[in-house]
């Protein structure tokens, strides 16, 4: 009698161990290294880019460049002014680029790239973000309106009888996004998350107001022919975006032509960056992993933080900090008006604008934000650095007045940063905004228990959540009481 065949056992798979390849040793990167996941291949590169995109990093790099410029200008002023006054003219005279200097290229060309990113952010906020909903946008817009009107009126009241004041009232209307968000991030995770949203919307609206001032009020005669050329080129760029012509070989020459046309038209060419940024799509197509605006923001963020803003700070902050210069800020009407407008005007105007919008039932305070938080918000808005320095160069005709106003901007911004950080870390500002231990994410009160704010999968990428609510927390039930107590 034959025995039944044995049952087949489990199939054993042979595990092949692949030797890790270290660059510079053995065969070098080959086909096995190409099979590594994308995150393993570019972890260092992506991590460094994310480090540069962080708000704290941008603020610290901007601060380091400012300190370097001050040290350079106060220890070797001759060398500083010689370097940045180096002639760097380019092209024929009819392009109006032949008389430019090195500092002009930084303020006009490099800052145009930064304002292109501002245009991308503004387009996203107007379409998908805080400014897309009327009630959500009303609070930061009203706060920004008050924060622009009060500083302008204070500065105008202190300088309207001063000869050479020009358009000095326009200098303290702007808020520096990089510095303000950097100072806010230094306050730690106990600050209410809604305060950052309001500050971002306020800074974007402030920048929009500063851009309109530059475009409409601070130009020196407009050439209609060049303006028509720039308008035609912008229309061509809009058509290219609409037809999905995304090649850099098309868009880079178009952007350069728009910049040259606006510069020749008499409008500050940084407006070209904002206009081009507003034309980029913020909604991805079905076959695109992300929108073009999101991709450009991700690529340009590290360049802005590491190159453009520090270079502008290095070229524009070379002011004297001698006792005579600091005394000049307190005695000169223009410098005093700029400093008072930034520090006191923002502190009064931002809370007043927000209060008026809430009282008129046009807006409401975000969750977790109380009236006491509007005081540090007004102080953060008083950090007017990048755009204020740019407006100073355009608003004041006298170089001596430009140096005095730049010193006033620096002094007021440092004072506003210190006061805002102190106010944000005070117990009054952090009441009602507890933080989770060991985590940098803000916390919220859920049923009287502090816990991290739930995030959906797409929230971490900055995208919409699709209206999905987070899953309810699992509640652990207590075991039933024993019928036979001991």
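For all residues, glycine too, the Cβ spot is worked out from N, Cα and C.
Marked as region 'Disordered' by Swiss-Prot: 432-486.
Summarising the annotation, Swiss-Prot assigns transmembrane segment to 58-78 (among others) and lists sequence analysis as the type of evidence.
Taken from Swiss-Prot, the feature transmembrane segment covers 102-122 (among others), and the record attributes it to sequence analysis. Residues 83-86, 88, 177, 204, 207-208, 211, 255, 259, 263, 268-278, 280, 282, 293, 296-297, 300-301, 303-304, 307-309, 311-312, 315-316, 386, 390, 393 of the same chain lie 6 or more positions beyond the ends of the transmembrane segment (102-122) yet place their CB under 8 Å from a CB of it.
Summarising the annotation, Swiss-Prot assigns transmembrane segment to 138-158 (among others).
Residues 54-56, 58-60, 62-63, 118, 144, 147-148, 151-156, 159, 162, 195-196, 199-200, 202-204, 206-207, 209-210, 213, 217-218, 304-305, 309, 334, 337-338, 341-342, 345-346, 380-388, 391-392, 395-396, 401, 405, 409, 412-413, 417, 420-421, 424-425, 435 of the same chain lie 6 or more positions beyond the ends of the transmembrane segment (168-188) yet place their CB under 8 Å from a CB of it. If you look up Swiss-Prot, you'll see 168-188 (among others) marked as transmembrane segment.
Per Swiss-Prot, the feature transmembrane segment maps to 198-218 (among others); the stated evidence is sequence analysis.
Same-chain neighbours of the transmembrane segment (220-240): 246, 250-251, 254-255, 257-258, 261-262, 264-267, 272, 275-276, 279, counting only residues six or more beyond its ends whose CB sits under 8 Å from a CB of the stretch. Annotation source Swiss-Prot lists transmembrane segment at 220-240 (among others).
According to Swiss-Prot, the feature transmembrane segment maps to 260-280 (among others), an assignment based on sequence analysis.
Summarising the annotation, Swiss-Prot assigns transmembrane segment to 300-320 (among others). Here the transmembrane segment (300-320) has long-range neighbours at 48-49, 52-53, 57-58, 61-62, 64-66, 68-70, 72-74, 77, 80-81, 84, 102-103, 106-107, 110-111, 113-114, 116-117, 120, 178, 385-386, 389-390, 393, 403, 406-407, 410, meaning same-chain residues at least 6 beyond its ends whose C-beta is under 8 angstroms from one of its own.
The transmembrane segment feature in Swiss-Prot is assigned to 338-358 (among others); the stated evidence is sequence analysis. Residues 138-139, 142-155, 158, 168-169, 171-172, 175, 198, 202, 329, 364-365, 371, 374-375, 377-379, 381-382, 384, 388, 392, 405, 408-409, 411-413, 415-416 of the same chain sit 6 or more residues outside the transmembrane segment (338-358) yet have a Cβ under 8 Å from a Cβ within it.
According to Swiss-Prot, the transmembrane segment annotation covers 374-394 (among others), on the basis of sequence analysis.
Residues annotated as transmembrane segment in Swiss-Prot, with sequence analysis given as evidence: 404-424 (among others).
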Cβ contacts under 8 Å made by the transmembrane segment (198-218) with residues that lie 6+ beyond its boundaries:
115, 118, 121-122, 125, 129-131, 137, 139-141, 143-145, 147-148, 167, 170, 173-177, 180-181, 184, 267-268, 270-271, 274, 350, 354, 366, 369, 377, 380-381, 387, 390-391, 394-395
Using a Cβ cut-off under 8 Å, which residues of the same chain at least 6 positions beyond either end of the transmembrane segment (138-158) come close to it?
130-131, 168-173, 175, 197-206, 209, 333, 336-338, 340-342, 344-346, 348-354, 356-358, 362-366, 374, 377-378, 381
